[in-house]
Amino acid sequence: MTTTESAATDENILRAAIAAELDRTRRRSLALTDSVDDAELTRQHSPLMSPLVWDLAHVGNQEELWLVRDVGGLVPLRSDIDELYDAFRHARADRPALPLLNPAEAREYVRGVREKTLDVLDRTPLRGRRLVDEGFAFGMIIQHEQQHDETMLATHQLRRGEPVLHAPAAPPSIAPPSAREVLVPGGPFTMGTDAEPWALDNERPARTVHVDAFHLDTAPVTNAAYAEFIAAGGYDRREWWTEEGWAHRQRAELRAPLFWTRDSDGTWWRRRFGVTEPVPADEPVVHVCLHEAQAYARSVGRRLPTEAEWEKAARHDPATGRSRRHPWGDAAPTERHANLGQRHLTPAPVGAYPLGATPAGVHQLVGDVWEWTSSAFTGHPGFAAFPYREYSEVFLDGGYQVLRGGSFGTDPSMARASFRNWDLPIRRQIFAGFRCARDATRAERT
Ligand SMILES: [Fe+2]
């Protein structure tokens, strides 16, 4: 084969992979919206969330804007609805009152957009123009839809009523970490990426960051450990909370993670996608806000890791000095590496994914629960918005906190360990937990 022929073959392989990812993603969006009736699709289940039918048409509208109109240069299918589905024009709480497409119209709209997208994919060179190089714009839209799928999953969790989502139980613990924490030696590592073709603007550029030696927990904090914090009076011990955290704890009357209730004999129960069940002891705690995570950490004499510490523990390979894609290496995640992609409807117990651990023995950094870090969401030095300011730039330095690692509801297309998520410190409806860290002693630093 000549070089030109082999480049064409590579491009066709990439095209087929993109088409498969678009389809896989759409099947998830449709499963999340076909599982409830029209009344539930158009209802607002929480003022924090959009009606599910808004999310569905919005992913179609973003796909139309970027792939059909910008990449494909085609005429709009429905420019009349752009304004309704612009997330910056209407707060989530106001969306139910908009003249939205009804469920049948929304399904027809996303199907029509997808037909055009596949035509565009067929005829677009995936090299050259930065927006489409290595299929970036398609990858961006796939990840955007997957992010809304996780948001829709959170809406399902907030919804009241009989269970409508079903999935096999997460795997059991087979090899819990052998130590509580590991010492991550001090030194430089490469944070962020220039090499990942589908990395988003906020992960770029790659740069060298020095991180002092620190200890990191080998597992996220479990429900059992969190219940001990509650039993020790965690929600009443002012000294364990930051000033901002305590003010919020008072105002919001926080007493336990969201969705937890306690019965008269002191057993903790949780509501999970319409099922009420005892809180499982060895799963990572989920549905806590940053302030609760920080209070817990202080109660055990620890702190949250910074974002740089988290990423170094997840990516830095001391043997080669390289930063890898995932805690276990560069290989794509399989169902034996991490609990991702809504394959299960809970975090998995600690010790369920020994294959996904780092060489140093840190487990479950990716999957299960998003992990709060102590870092505010800011741009890496050299950050440049691409391809639009509203993806990340408008959120930088806006009071948002970084979360890392992805949850059981996060798609593998975002499982690279450079991926950054952010939310407000008070948010609890997201699938967020945490793990703790502490400074190394002076002797351990040298
Ligand atoms: Fe969006």
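Numbering starts at 1 and runs along the chain as displayed.
Placement of Cβ uses the backbone N, Cα and C atoms for every residue, glycine included.
Feature annotations, reproduced from TrEMBL:
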{"type": "DOMAIN", "residues": "21-152", "note": "domain 'DinB-like'"}
{"type": "BINDING", "residues": "HIS58, HIS144, HIS148", "note": "Fe cation binding site"}
{"type": "BINDING", "residues": "ARG92, ALA93, ASP94, ARG95, ASP423, ARG427", "note": "gamma-L-glutamyl-L-cysteine binding site"}
{"type": "DOMAIN", "residues": "180-438", "note": "domain 'Sulfatase-modifying factor enzyme-like'"}
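Annotated features, which come from TrEMBL, shown on the structure.
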residue: HIS58; record: Fe cation binding site; contacts (Cβ under 8 Å, 6+ apart): SER50, TYR85, ALA87, HIS148
residue: ARG92; record: gamma-L-glutamyl-L-cysteine binding site; contacts (Cβ under 8 Å, 6+ apart): PRO47, LEU48, MET49, SER50
residue: ALA93; record: gamma-L-glutamyl-L-cysteine binding site; contacts (Cβ under 8 Å, 6+ apart): GLN44, PRO47, LEU48
residue: ASP94; record: gamma-L-glutamyl-L-cysteine binding site; contacts (Cβ under 8 Å, 6+ apart): none
residue: ARG95; record: gamma-L-glutamyl-L-cysteine binding site; contacts (Cβ under 8 Å, 6+ apart): GLN44, SER50, PRO51, TRP54
residue: HIS144; record: Fe cation binding site; contacts (Cβ under 8 Å, 6+ apart): VAL59, GLN62
residue: ASP423; record: gamma-L-glutamyl-L-cysteine binding site; contacts (Cβ under 8 Å, 6+ apart): TYR400, GLN401, LEU403, ILE430, ALA432
residue: ARG427; record: gamma-L-glutamyl-L-cysteine binding site; contacts (Cβ under 8 Å, 6+ apart): LEU48, CYS289
Requested in this report: Mind running the binding-site residues ARG92, ALA93, ARG95, ASP423, ARG427 against ligand 1 and keeping the ones whose CB falls under 6 Å of it?
Outcome: none
Query raised in the report: What number of additional C-beta atoms lies within 10 angstroms of the C-beta atom of HIS148 (Fe cation binding site)?
Result: 24
Requested in this report: Could you tell me the mean pLDDT over the domain 'Sulfatase-modifying factor enzyme-like' (180-438), as a whole number?
Outcome: 97
Requested in this report: For the gamma-L-glutamyl-L-cysteine site as recorded (ARG92, ALA93, ASP94, ARG95, ASP423, ARG427), determine the largest distance between any two Cα atoms, in Å, rounded to the nearest integer.
Outcome: 20
Query raised in the report: By the DSSP assignment reduced to helix, strand and coil, which category contains ASP423 (gamma-L-glutamyl-L-cysteine binding site)?
Result: strand
Query raised in the report: With the Fe cation site defined by HIS58, HIS144, HIS148, which remaining residues of that chain have Cβ atoms positioned within 8 Å of the Cβ centroid?
Result: ASP55, VAL59, GLN62, GLU145, GLN147, THR151
Query - ARG92 (gamma-L-glutamyl-L-cysteine binding site) in three-state DSSP notation - result: helix
